[in-house]
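As recorded in Swiss-Prot:
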CARBOHYD  ASN47  N-linked glycosylation site
CARBOHYD  ASN171  N-linked glycosylation site
CARBOHYD  ASN187  N-linked glycosylation site
CARBOHYD  ASN208  N-linked glycosylation site
CARBOHYD  ASN259  N-linked glycosylation site
REPEAT    330-352  repeat 'LRR 10'
CARBOHYD  ASN414  N-linked glycosylation site
CARBOHYD  ASN435  N-linked glycosylation site
REPEAT    545-567  repeat 'LRR 19'
CARBOHYD  ASN555  N-linked glycosylation site
CARBOHYD  ASN629  N-linked glycosylation site
CARBOHYD  ASN682  N-linked glycosylation site
CARBOHYD  ASN711  N-linked glycosylation site
CARBOHYD  ASN746  N-linked glycosylation site
MOD_RES   THR914  phosphothreonine
Amino acid sequence: MAFLTALFLFLFFSFSSSAIVDLSSETTSLISFKRSLENPSLLSSWNVSSSASHCDWVGVTCLLGRVNSLSLPSLSLRGQIPKEISSLKNLRELCLAGNQFSGKIPPEIWNLKHLQTLDLSGNSLTGLLPRLLSELPQLLYLDLSDNHFSGSLPPSFFISLPALSSLDVSNNSLSGEIPPEIGKLSNLSNLYMGLNSFSGQIPSEIGNISLLKNFAAPSCFFNGPLPKEISKLKHLAKLDLSYNPLKCSIPKSFGELHNLSILNLVSAELIGLIPPELGNCKSLKSLMLSFNSLSGPLPLELSEIPLLTFSAERNQLSGSLPSWMGKWKVLDSLLLANNRFSGEIPHEIEDCPMLKHLSLASNLLSGSIPRELCGSGSLEAIDLSGNLLSGTIEEVFDGCSSLGELLLTNNQINGSIPEDLWKLPLMALDLDSNNFTGEIPKSLWKSTNLMEFTASYNRLEGYLPAEIGNAASLKRLVLSDNQLTGEIPREIGKLTSLSVLNLNANMFQGKIPVELGDCTSLTTLDLGSNNLQGQIPDKITALAQLQCLVLSYNNLSGSIPSKPSAYFHQIEMPDLSFLQHHGIFDLSYNRLSGPIPEELGECLVLVEISLSNNHLSGEIPASLSRLTNLTILDLSGNALTGSIPKEMGNSLKLQGLNLANNQLNGHIPESFGLLGSLVKLNLTKNKLDGPVPASLGNLKELTHMDLSFNNLSGELSSELSTMEKLVGLYIEQNKFTGEIPSELGNLTQLEYLDVSENLLSGEIPTKICGLPNLEFLNLAKNNLRGEVPSDGVCQDPSKALLSGNKELCGRVVGSDCKIEGTKLRSAWGIAGLMLGFTIIVFVFVFSLRRWAMTKRVKQRDDPERMEESRLKGFVDQNLYFLSGSRSREPLSINIAMFEQPLLKVRLGDIVEATDHFSKKNIIGDGGFGTVYKACLPGEKTVAVKKLSEAKTQGNREFMAEMETLGKVKHPNLVSLLGYCSFSEEKLLVYEYMVNGSLDHWLRNQTGMLEVLDWSKRLKIAVGAARGLAFLHHGFIPHIIHRDIKASNILLDGDFEPKVADFGLARLISACESHVSTVIAGTFGYIPPEYGQSARATTKGDVYSFGVILLELVTGKEPTGPDFKESEGGNLVGWAIQKINQGKAVDVIDPLLVSVALKNSQLRLLQIAMLCLAETPAKRPNMLDVLKALKEI
């Protein structure tokens, strides 16, 4: 007994002594940990002077008196992880997540042999992943995510950690391939590897991790194909491989993953069909396939999955939306936007009682919106924008008692906006780009939840009522491009939450209400293109948060307010300020007068200033140079005087500077050479003098420079040749002297060069003639001499103007240099030569006149022969081939006449080639005349248009075509080769088009189906759009065709289309677009607005082109008896009626109907309907039309 007592006491004291030593060591380690921190005060409870045990300190947990857990997450601890932590021998959990630790993991940590949980996520740790992890055999949970680890995954990670059940290395900078040893982790259930730079294929050994439940590796660089062994993961519940360039199809073997609940393959560059085998995944709740290139229909087998979420946006899925969707009884979100689904929206969607989010935007859906859509009342967000939906929305959404967002933009919905929409809990209502008519219901403004209401590009009319002030929650109101009238109500000032107000392109009148200044949250105010009058209220421009102010195209008068928004006065550019509509100040096209306020120079965050086309006077304030963020400054079209401030060279971000059409004088500042970002510089039509600064050669980004119509002088600097991106250089009508620098031949991007009407001398540099991209060269009216170089553009009279240089010689100017070089030494010899020539001409003319009179007597009784004789009577008149003109950048230029008669062809050749304009050679009728086929000597076939005398507009048409076609060269425009004018006779010579007109093929050509198939029709649509887009946008001034129709689309031997017959075309100058009292166009193609206004626009051409697209897709004429029962009695009305009835497919030409081509045909129909919008402002421009057609 005594022995046992002694043994017990010995063991007790021995254990106590050991424990005391261990406890002292642990306390020391914890204190060392604290002291190593850069902010130790955050662990204030760790204090050895207190009576509390270290086991009671924050984050410390003990078992049997020893530390087994240290958990200090999200405390903002800073510093490096101290190696002393390895002294905590019994530690099983170490969690330092969500702090600010940096540096590497100390290797001593691997001495913690009992460690089961290691969480170092959310810090700034660096270095390679430590290979010594294999020294922790009991590790179950490892989280190193959200750090800065680099390098590859060491195979030892997977070989020596057999117990590991969760591994997270996501959001680091790891790279390389995944080693096949990953298959050794037989107990792993969670594997997170995303947001790294891993590459290669996922190893097939992944299938050996039999217990894996969650596998997430998004946002890496894995590629396909995916290993079929994934199907062996029978416990897999979540698979996320999104945002990887897999470039493969979805494996059919995924259908064997019966426990799969979440499948996320978003933006994985997937191709092929959605495999029907996915229907075997009976546990699948969330299927996310958006942003891929999947095609085909939705497989029926998906109907058997109890999905909560199905997203497949931005793919190429097609077919109709299946009615079996109604089987998804627990579906919460259905997102199928940006695909190619067609047909009607199935009413069975009402059978999805849990559906909250429905997005079917940007498809080819047609017909009316089914009233059953809101049958369950659960929908909270509906997006049907960008389809072909038609009909009205009366009572359609009455049952949507939970609806907070309704987006219907860019459809063909008509009728009025329902009165009862205000009863819904709507926060966003977007109705842009439809055919809504009538007034905006007053009841809508009673909505207390409405934060966004947009209805631009419709045909809404009426006025804005005072009740608008009741919509207190409204933040965004966009009603641009409608027909709203009246005054802007003062009550709009009550909308203190309003951030964006856009009423552009309406018919509002009166003054801008001062009360708008009470909308203190306004960031964007756009009242442009209305009929507003009066002065700009100071209270508006002083709005503290105003970032975009557009009041252009009104009748505003008075001076510019001197205290713009406080937002503009910020010292630094705020965040997001480079987004669209930030820092814009546009007051152009008004009647504002007085000086530009100096205070504008204090608005340091202004990005764009446009004050053009007003009546502003005085000098340009030097203070504008302080606007260091300015990218565009347009002060053109005013009455500004004085010199250009040299300080403007400080605006280093300036990309566009337009000071044209003012009265500025003095020199061009040398400091302009500092504007390294400048792309376009326009100083035309001022009174500038002096030389062009050599410093402009520093403008390496400049593409267009116009210094024309000034008094600039001196020699042209060779430094201009360093502007390597220059496309257009215009310096005509100045007083430049000296020679043209040959260094300009280094400007390989140059397309337009005009140095005409100066005092330049010397020879034409050969290098300039050989510029590879030069389309137009105007050297006319200088003092140039010598032989014209035989290279490139100088030998092309359609591209080079050389007239007015008397000492030039060579074939192209019709003067032989050798003959001209042999001087006649005797003045008597010259006089004798001239006298002899005169006698010869006199005798010839006298004889010809006698012969003609004799013939006229013989033919007096034959009208047809009299016509032939009259034509033959001027056979000595020359048929001149045109020299080209050029397009140019300034807003307005004078019409360029054709000063270079070349390659003379006798009219007799034309008369003979057409057999005296015989009826058998007629190939068509153009505007105001008949077109004949003619084969000239040399086997050149041309088309000759003989303008009719009976047409009172014949001379106008002739001049219009001359002015237009002589300046334009494009592969999709018919080239005008020559012309002749004698008395009342006028002839135009065009290139001959073998396949005639589109009109001929669509209606008269036998065997049309075999030849004019869908691919050719699409080719014709794209080519014709390309030609018309060039007329509208290829250069300034723009060109309106005014008579676009199928007979004016000609086809060459390869069915490449070319736009023809510019008989009604006219150049638009800066403010000229009115036609004569004669309505332009051809019946069936005339836009509706031409019957109400004398103003011709490019949007009128777009409408006519929309009719041509309809002809191509339907095979029908624009007018005819087939349309008697249709609205408007024409093809357009018939097509709209069919589409509104949900029968868009019936519009397609029956000869072309094909399941494979239906989507592209419906897409062309959709583009046509956009072009045919009744309101011009709703129509796209031709560049947008061309882009859309090319994407089919």
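Indices start at 1 and increase along the chain as displayed.
Using the three backbone atoms N, Cα and C, a Cβ is placed for every residue, glycine included.
Annotated features, which come from Swiss-Prot, shown on the structure.
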residue: ASN171; record: N-linked glycosylation site; Cβ within 10 Å: 20
residue: ASN187; record: N-linked glycosylation site; Cβ within 10 Å: 15
residue: ASN208; record: N-linked glycosylation site; Cβ within 10 Å: 18
residue: ASN259; record: N-linked glycosylation site; Cβ within 10 Å: 15
residue: ASN435; record: N-linked glycosylation site; Cβ within 10 Å: 20
residue: ASN555; record: N-linked glycosylation site; Cβ within 10 Å: 13
residue: ASN629; record: N-linked glycosylation site; Cβ within 10 Å: 20
residue: ASN682; record: N-linked glycosylation site; Cβ within 10 Å: 22
residue: ASN746; record: N-linked glycosylation site; Cβ within 10 Å: 17
residue: THR914; record: phosphothreonine; Cβ within 10 Å: 21
Set of same-chain residues at least 6 away whose C-beta sits under 8 angstroms from ASN47 (N-linked glycosylation site): none
Which of ASN414, ASN711, all glycosylation sites, has a Cβ with the fewest other Cβ atoms inside 10 Å: ASN711
Outside the repeat 'LRR 10' (330-352), six or more residues from its ends: residues with CB under 8 Å to it: 290, 306-324, 358-376, 383-384, 386, 389, 1142, 1145, 1158-1159, 1162-1163
Using Cα positions only, nearest of the recorded positions to ASN629 (N-linked glycosylation site) (ASN171, ASN259, ASN435, THR914): ASN171
For the repeat 'LRR 10' (330-352), the mean pLDDT of the predicted model: 94
Proximal residue to ASN555 (N-linked glycosylation site) among recorded positions ASN414, ASN682, ASN711, THR914 (C-alpha distance): ASN682
Residue pair ASN259 (N-linked glycosylation site), ASN746 (N-linked glycosylation site) - Cα distance, angstrom, rounded: 69
Cα distance (Å, whole number) from ASN187 (N-linked glycosylation site) to ASN208 (N-linked glycosylation site): 10
Between THR914 (phosphothreonine) and ASN711 (N-linked glycosylation site): CA-CA distance (Å): 51
Number of helical, extended and coil residues in the repeat 'LRR 10' (330-352), per DSSP: 5 helix, 7 strand, 11 coil
By Cα-Cα distance, the member of recorded positions ASN171, ASN414, ASN682, ASN746, THR914 nearest ASN187 (N-linked glycosylation site): ASN171
ASN435 (N-linked glycosylation site) and ASN414 (N-linked glycosylation site), distance between Cα atoms, whole Å: 5
Three-state secondary structure, which DSSP defines for ASN414 (N-linked glycosylation site): strand
